[in-house]
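Listed in Swiss-Prot:
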type	residues	note
BINDING	K229	ATP binding site
DOMAIN	334-394	domain 'S4 RNA-binding'
MOTIF	42-51	motif ''HIGH' region'
MOTIF	226-230	motif ''KMSKS' region'
Amino acid sequence: MASIEAALAEIKRGVEELIPEEELIAKLKEGRPLRIKLGADPTAPDIHLGHTVILNKLRAFQDLGHDVTFLIGDFTGMVGDPTGKNSTRPPLTREDVLRNAETYKQQVFKILDPAKTKIQFNSEWLSELGAEGMIRLAANQTVARMLERDDFKKRYAGGQPIAIHEFMYPLLQGYDSVAMETDVELGGTDQKFNLLMGRELQKANGQKPQVVLMMPLLVGLDGEKKMSKSANNYIGVSEAPSEMFGKIMSISDDLMWSYYELLSFRPLEELAQFKADVAAGKNPRDIKVLLAKEIIARFHSEADADAAEQEFVNRFAKNQIPDEMPEFTFAAGTPMANLLKEAELCSSTSEAMRMVKQGAAKMDGEKVEDAKAEPAVGTYVFQVGKRKFARITIA
């Protein structure tokens with residue numbers, strides 16, 4: 001194992017909150033492999049880069065020699081996590097959950113080492129609780145405590161219904177930590193209430209409380225909202241290499257550093273050197289290319305990463321796209337013709353429609369086919385003719 005100082009530095013990389021750090025240091029000083037848990041309810045079949053932020057941290061614990069368990073919430077997935085929701089989630093069938101779980105396993109092993117990963121399902125112990133066990137579990141908390149949760153508080157104040165089983169969700173997730181005697185649990189910042197519930201239940205059951213490590217939510221391609229499919233600002237881990245490459249290259253230079261910190265496995269010293277290089281005048285685009293290739297190689301292959309880079313170069317570099325160009329931001333739902341006019345690439349929507357019809361308007365190197373089309377959320381390079389360019393963000 002690495003020294004405690006080196007291990008702690010790697011563990012804390014990109015972390016939003018660590019509760020409490022002194023307990024983690026004490027556990028590391030015990031010199032044994034710690035039991036690390038990450039739970040996920042398989043509510044959707046595919047994961048995107050936002051999901052991988054925590055998986056990367058789990059991999060870091062593996063590389064440091066700790067015992068890692070990826071817990072699939074097949075039981076809690078049928079209950080439905082109410083976190084951040086303003087209405088009750090529709091329950092999933094067991095068939096839905098198990099089908100999604102199989103896809104999850106295939107995708108997480110692109111990051112985690114299969115030989116060092118234990119996969120468990122929480123139905124193993126939650127199904128055995130029975131009515132008496134559920135009542136005893138519920139007795140650990142009060143309705144007042146549950147209403148401290150921001151999402152429950154808002155729904156209660158707004159007269160929105162809260163189902164009784166939703167109150168049980170944090171307790172069930174917390175009980176997972178009791179059943180597994182977890183040392184450290186990972187989660188997103190939106191999971192704080194549930195993660196701390198694990199600490200409380202472990203104390204109530206005579207166990208040492210787990211350390212809670214929370215990772216920030218990855219900002220999506222729009223540079224504003226968290227990455228999600230609903231916001232259409234995501235990069236799926238199963239997307240084609242060329243699609244992934246183009247999307248990563250579209251993020252802002254400032255956002256690139258956040259992606260490096262949360263998605264890259266490069267040493268911290270190397271990232272510091274990258275920042276120094278950019279400060280000294282190196283083009284951030286070159287650094288962004290390395291990020292895109294690293295991520296594509298992880299989910300596809302190095303050959304795919306090289307091919308995606310070459311395709312990108314062929315599409316953009318040969319069009320002689322300038323590094324500097326006007327930048328604009330428009331709301332989602334804006335038609336192509338309006339974008340071209342408002343970005344001053346055309347004098348009017350009529351001219352914009354004419355340019356599209358003539359094949360003279362391009363978006364990311366591809367001809368715009370429909371002047372009424374509405375681009376998805378993201379950042380694109382628009383070109384009209386040979387010399388007019390604009391970088392447009394749809395948010």
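Numbering starts at 1 and runs along the chain as displayed.
Yeah, the Cβs are placed from backbone N, Cα and C, and that goes for glycine too.
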Same-chain residues at least 6 beyond the ends of the motif ''KMSKS' region' (226-230) with a Cβ under 8 Å from one of its Cβ atoms are 44, 48-50, 217-220
The mean pLDDT across the motif ''HIGH' region' (42-51) is 81
Taking DSSP helix as H, G and I and strand as E and B, the domain 'S4 RNA-binding' (334-394) has 16 helix, 19 strand, 26 coil
In DSSP terms, the motif ''HIGH' region' (42-51) comprises 3 helix, 1 strand, 6 coil
Mapped onto three states, the DSSP assignment of K229 (ATP binding site) reads coil
